[in-house]
Amino acid sequence: MRHDIPSEPGAAAVPDATTGSSRPAGGAPRPVALPEDAAPGVDRGSTAEASVGGLGEGELLARIIAMLGAPQGVLVGPGDDAAVLSEAGPLVLSMDTLVEGHDFRTVRPNGFRTSGFDVGWKSAAQNLSDINAMGGTPTSLVVSLTLPPITPVAWVEDCARGLAAAIRELRAVGCSVVGGDLGRGSELVITAAVTGALHGLAPVLRSGARPGHVLAVAGTLGRAAAGLAILEDGRPVTEFGASAADLIAAQLRPRPPLTAGPAAAAGGASAMLDISDGLVRDAGRIAAASGVHLDLDPVVLGTYADPLREVALVLDLDPMEWILGGGEDHGLLATFPQDSLLPPGFTAVGSVRPGKPLVTLASQATALRGWDHFAH
Ligand SMILES: [Mg+2]
């Protein structure tokens with residue numbers, strides 16, 4: 001069953017759940033709520049606030065719509081059985097799902113609650129990132145929410161705010177939520193599909209890396225993994241130093257570099273993907289698709305690890321594990337022909353060599369493999 005989200009023109013002001021006030025679209029990012037001032041999350045034991053089970057579907061939809069901006073650039077927006085887009089060229093299409101208990105926890109060991117805002121943001125960000133990884137520009141999102149009846153209405157409203165905020169703050173200009181679906185289920189699931197345009201550029205695939213090409217990254221590495229390690233540890237956030245809040249934000253609200261993908265496509269990238277499961281694992285995907293050996297430079301990667309050393313010390317870990325194995329920053333990994341000028345935002349981190357598909361660190365094998373959705 002499909003319930004398209006009708007439009008509400010002029011819904012540009014975004015209510016802030018922290019203060020209850022409204023702030024204009026494009027305002028300063030809302031800080032991540034640490035346990036001391038945690039925003040309301042899903043509390044299975046609480047009946048103090050209205051749950052979706054006590055609210056009609058139409059009313060819930062109306063509340064969600066109030067959080068989303070007016071759809072942009074569509075021939076038929078929300079309110080009919082399907083949206084109609086006007087795409088002048090090839091359509092890039094992708095989809096991603098977040099499942100409670102697998103992709104996010106509503107309550108962490110240290111008491112931290114994942115807000116609806118965070119889940120909505122992450123859903124949008126990881127979908128926008130997949131369009132970026134092809135060299136495209138996102139144009140629309142459709143979002144399906146599966147909700148246990150006890151889910152607080154406030155959590156769902158916050159989720160819609162997070163979707164809209166990610167689109168706005170990541171500067172996915174021209175992209176909006178154009179439709180969706182609401183359903184009931186035993187666990188929280190958010191699935192989004194995203195479309196994108198290439199604006200005359202060829203899509204950048206995983207299969208074009210050739211020996212002699214330069215391996216480069218855009219965006220951050222390891223920060224989301226460090227944030228997750230803090231959240232999964234039982235100790236108070238305050239024990240992890242001044243950078244802890246930013247690292248937690250990197251985990252909960254990743255910021256994929258959305259201008260870097262089209263810049264890479266325009267700049268002649270020969271292969272690309274977004275780093276969603278870990279640098280080594282995702283590099284292995286380019287190596288396999290292109291039939292090449294990728295060698296990573298530990299000296300350059302060490303500069304990404306340095307800001308994480310304070311937190312790593314508390315956890316008695318080597319921060320290079322986060323650089324090589326952590327993926328949820330949604331940066332880009334790309335290859336460029338030898339001697340090409342790297343587009344803005346890209347840093348060379350290795351080289352493409354002939355040989356069997358393989359990823360090495362300074363020519364040495366690495367045991368770090370990153371995230372496998374079916375092995376955990
Ligand atoms: Mg991807």
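Every residue, even glycine, has its Cβ placed from backbone N, Cα and C.
As annotated by TrEMBL, region 'Disordered' applies to 1-52. The annotation domain 'PurM-like N-terminal' is assigned in TrEMBL to 79-197. The Mg(2+) 2 binding site annotation in TrEMBL covers ASP96, ASP130. Residues or ranges marked as Mg(2+) 1 binding site in TrEMBL: ASP96, ASP181. Summarising the annotation, TrEMBL assigns ATP binding site to GLY180, ASP181, ARG206, SER276. The domain 'PurM-like C-terminal' feature in TrEMBL is assigned to 210-299. Residues annotated as Mg(2+) 5 binding site in TrEMBL: ASP277.
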Secondary structure of ASP277 (Mg(2+) 5 binding site) (DSSP, helix/strand/coil): coil
Residues among the binding-site residues ASP96, ASP130, GLY180, ASP181, ARG206, SER276 that border ligand 1 - Cβ under 6 angstroms, in sequence order: ASP130, SER276
Averaged pLDDT, computed only over the residues in the domain 'PurM-like N-terminal' (79-197): 93
Cβ neighbour count (within 10 Å, all chains shown) around the residue listed as 'Mg(2+) 5 binding site': 20
GLY180 (ATP binding site) CB neighbourhood, other CB atoms within 10 A: 26
Distance in Å spanning the most remote Cα pair of GLY180, ASP181, ARG206, SER276, given for ATP: 32
Rounded to the nearest Å - Cα separation of SER276 (ATP binding site) and ASP181 (Mg(2+) 1 binding site): 26
ASP130 (Mg(2+) 2 binding site): tally of other CB atoms within 10 A of its CB: 23
